[in-house]
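Copied from TrEMBL, the annotated features are:
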DOMAIN    A:25-452  domain 'Amidase'
ACT_SITE  A:Lys83  active site, charge relay system
ACT_SITE  A:Ser158  active site, charge relay system
ACT_SITE  A:Ser182  active site, acyl-ester intermediate
Amino acid sequence: MTKLNELTVKESIEGLKAQAFTSVELVQACLAEIARLDGYIKAYIKVLAEEALAAAQAADEQIRADPEIFNQKPLLGIPYACKDNYSTKGIETTAAANILRGYIPPYESTVTEKLKTAGAILLGKTNLDAFAHGVSTDASDFFVTRNPWDLSKVPGGSSGGSAAAVASHMCTFAMGSDTGGSIRCPASWCGITGLKPMYGRVSRYGLISMASSTDCPGPLTKTAWDAHYVLQVIAGKDSKDATSSNGDVKALTNSVAGLRIGVPKSYFAVDFETPAIKQTILDALKTFEKAGATLVNVDLLPPKYAVAVYTVIQRSEVSSNLARFDGIRFGQSRNAFGYEARRRMMLGAYTLSAGYYDEYYTKAQKVRTLIVEGFKKAFSAADIIVGPTMPNLPVPIGMLDSSPIFGELTDMMQLPGSMAGLPVVSIPCGFVSGFPIGMQLIGPHFGEAGILSAAKVFQDTTNFHLQMPSGIKELT
Amino acid sequence: MPSHKKMSAEEIVHIAGLVKLQLTPQEVDKFSELIPQTLATIDVLQELDTIGVEPTSNVAGLADVYRDGTQSTTLSQAEALANAPDRLKGLIATKGVFDRS
């Protein structure tokens, strides 16, 4: 029998509605799995066991009193894990950075507020690369999180704690944030579904800023259906985030018949660690074709240009955003910044400084326009675009410093979508050497329902997303 | 095209000053090589012709976003002070801006 912590959001809600089990049992199952596994995986920075159980008890009472309550509270009683860069009122929020140790936000992020209003239960705060600077969760100032598929490997990052928690069923779903791949990379390496919504679709208020022009809050889930369900709760215009947008999240469809899937040649011409990764994605495209979709070639700029644009823009915005950490109003002194934050600020300060601004920053913003225009043209011929999420398998712990742009090279497939602010979902589509392989589906602005519908069709016809890491089963 | 030879210690200390970082001598040495290395990876941008191309800062195409001129609650004084390491008479104490000497 499936354990309660292994259920999807959809299955959990159906069970709670039918009163087949309680929210307390659901939360207890997650807490038991955390107790069993998190000493090995180390996904959580903080677990809120007592608070979660109290919230579950309250949820159960509401469900007993009114079984229709899910119409008002669509996530009532569902336990989730949250990346520790979302401000949670009264709960220490660190971004896994020493400089923020002891910081207790006096306000709540819009996303966690919406989740709370919808009845979701915060189980704990998860580890990340400090300030979300990284692709491994190796660059946390606190400790390393391990990949549930192989404890000697990184889970990906920066939302590595959230991804590892979902993959090892230490929560029902999790929240992450994606600036240049920080949801999709760990989702791919941990074998789960990760949605980076369109830029502005979900409010950034209360999310500790990294690169403000590309930061996107989004869910990490067990299925595409779950990602769509959570998105409906967290999406929408927010007066506290001037860059947020209105627009309905459309319903999912159950077919890809007639769907035009764009296949960018340049995304398959990069250096893959092994040709088997590329082949896995090509096989997945065949699955779509069999389901009635049409493949069309689209021309997009090679990802190396997005890598360069991202390197400039992200470091520039980081150097500006991290200026607020003065150690006067909150946090420790600037001496507490870790190495990764320092080197990003240093480059950003340089590229924004007098004499170099046009050469680097303005040039990068102009190439960003070319990337945006390229996608617009591609979306006139295709409804969605599909490519690999990662060109390589999860790397061993401790490989972080092998290149000054290690993260960007690792995330290269994801940076074009980030630079254009597009919605992208990564889903597992096969295995190579025992590791899950992720495929990303990119949509036009406001096109989340399109990519998630295609992802759902893929998950309806395959079982890659149902596989569980076997190595952690026997751990006690 | 920019050149990417090793930067001088003075340049590195100047950049660090712009972002208010105090670097150790080891960090100065490391960054003097690392920053030019990173800049070299950005050079691919020069391959693309961007004459007449407008820069993009907001991908959603938003412009002139205003909020309604209505009152809303903000942090209380106690909340705003709660995380400040140094407080004085209900205010946040900071370092002096001007040097008295």
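From the backbone N, Cα and C atoms, a Cβ is placed for every residue, glycine too.
Those TrEMBL annotations? Automatic predictions, nothing curated.
On the structure: features taken from TrEMBL.
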{"residue": "A:Lys83", "record": "active site, charge relay system", "DSSP class": "strand"}
{"residue": "A:Ser158", "record": "active site, charge relay system", "DSSP class": "coil"}
{"residue": "A:Ser182", "record": "active site, acyl-ester intermediate", "DSSP class": "coil"}
Length of the line joining the Cα atoms of A:Ser182 (active site, acyl-ester intermediate) and A:Ser158 (active site, charge relay system), in Å: 5
Around the Cβ of A:Ser158 (active site, charge relay system), the count of other Cβ atoms that are within 10 Å: 38
Cβ-Cβ neighbours of A:Lys83 (active site, charge relay system) (radius 10 Å): 31
Between A:Ser158 (active site, charge relay system) and A:Lys83 (active site, charge relay system), the C-alpha gap once rounded to whole angstrom: 9
Within the predicted model, mean pLDDT of the domain 'Amidase' (A:25-452): 96
Neighbour count (Cβ, 10 Å) for A:Ser182 (active site, acyl-ester intermediate): 37
